[in-house]
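This report concerns only the one structure given below.
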Amino acid sequence: MALSLIFLALLVLCPSSGLSQGSPSPGYYPSSRVATSSFDREFRTLWGSQHQRREQDVITLWLDKSTGSGFKSLRPYRSGYFGASIKLQPGFTAGVDTSLYLSNNQEHPGDHDEVDIEFLGTTPGKPYSLQTNVFARGSGDRNVIGREMKFTLWFDPTQDFHHYAILLNPNQIVFFVDDIPIRTYDRKNEATFPTRPMWVYGSIWDASDWATENGRIKADYRYQPFVAKYKNFKLAGCTADSSSSCRPPSPAPISNRGLSRQQMAALAWAQRNFLVYNYCHDPKRDHTQTPEC
C-alpha cells in the first residue's frame, strides 16, 4: 500500500508529459493541444544553409568560425503558440546564443518588436542560462530597453530534448518550459507590448560581446562546431491574414481567465528556485523606461 501511494505521488509530480523529476505538475499542457508540424511546412532556411542539416524530424544547426545558421517561419503571426523541442551542446559553449524567438526586425528595421527564448552558452561545470526577453516598438534598436529575465533549469538541457514555447495573445505573453509557465508578461499599455505581426525564428550565432558573464568569456573556436538540435515544432495561432474572429490557443484550461491556480503555483516554484535575474529588480536600470515594473 505504501509503495502504491509513493508511485501515485511520483505520477503527480512527474506525469508522462516529460516533466523532469521533482518539478510540479502544472495541471494543463498547452503543447498537447497543438499538433506537431514539419519543418518544411512551416519554415525556410534564412541564413547559413551550409550549417544546417535535416535528419528525419530533427533539424541540426551549428556555428563555427565562418558562420552560424538560422531559419524563419513562412508566415507572420499576430498571436499564437510557438514551440519546439531543443537539445543543446555540452562542454564549452561560452559566447554562443541558441534561440527560438518571435520578431519583425526584417520588416521594421530600427523599430521592431521581439519576444525571445535564448540559451546562453557556458563553461564546463556551470549551467546554461535561459534568457527570456521582450522588446516593443524599437526598444531593441534605437533605445535599448531589454526586459530580460534569466533562469537556470531543473534539468540538464544537453542530455535530452525539452520543449520550450512562447504563447502570445493580445493581452499576455507566457513563456513555457516543458509546459511549466516560467514567466508571464502582461499588456499594461500598447507602448510596452508587441502588437504587430511577428515571424518565428530559430538560430545559433556568436554573441560573445554579451552572452556569457556579460561578455567576459568569449566563444572559443577550438571547441567548434557548436551544435543545436530542434524538433517537434508546434505553431498554431492567428496569422497576419486571419480574420478578426481568430482566437489563439489558450495558455490555461479556461480561456480568458489567465493561468489556473495550479499553473500559478508551478510558475511560482520556477521563479522561486531558478530565476537568477529580473530586470525589474536591477538597481542599475532606469525604471522610468520600464513602467510595467
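The backbone N, Cα and C atoms fix where each Cβ goes, glycine too.
Taken from TrEMBL, the feature signal peptide covers 1-20.
As annotated by TrEMBL, domain 'GH16' applies to 18-230.
Using a 10 Å Cβ-Cβ cutoff, GLU114 (active site, nucleophile) registers 20 neighbours. As annotated by TrEMBL, active site, nucleophile applies to GLU114.
Taken from TrEMBL, the feature active site, proton donor covers GLU118. Packing around GLU118 (active site, proton donor) is summarised by its Cβ count: 19 other Cβ atoms lie within 10 angstroms of its Cβ, all protein chains included.
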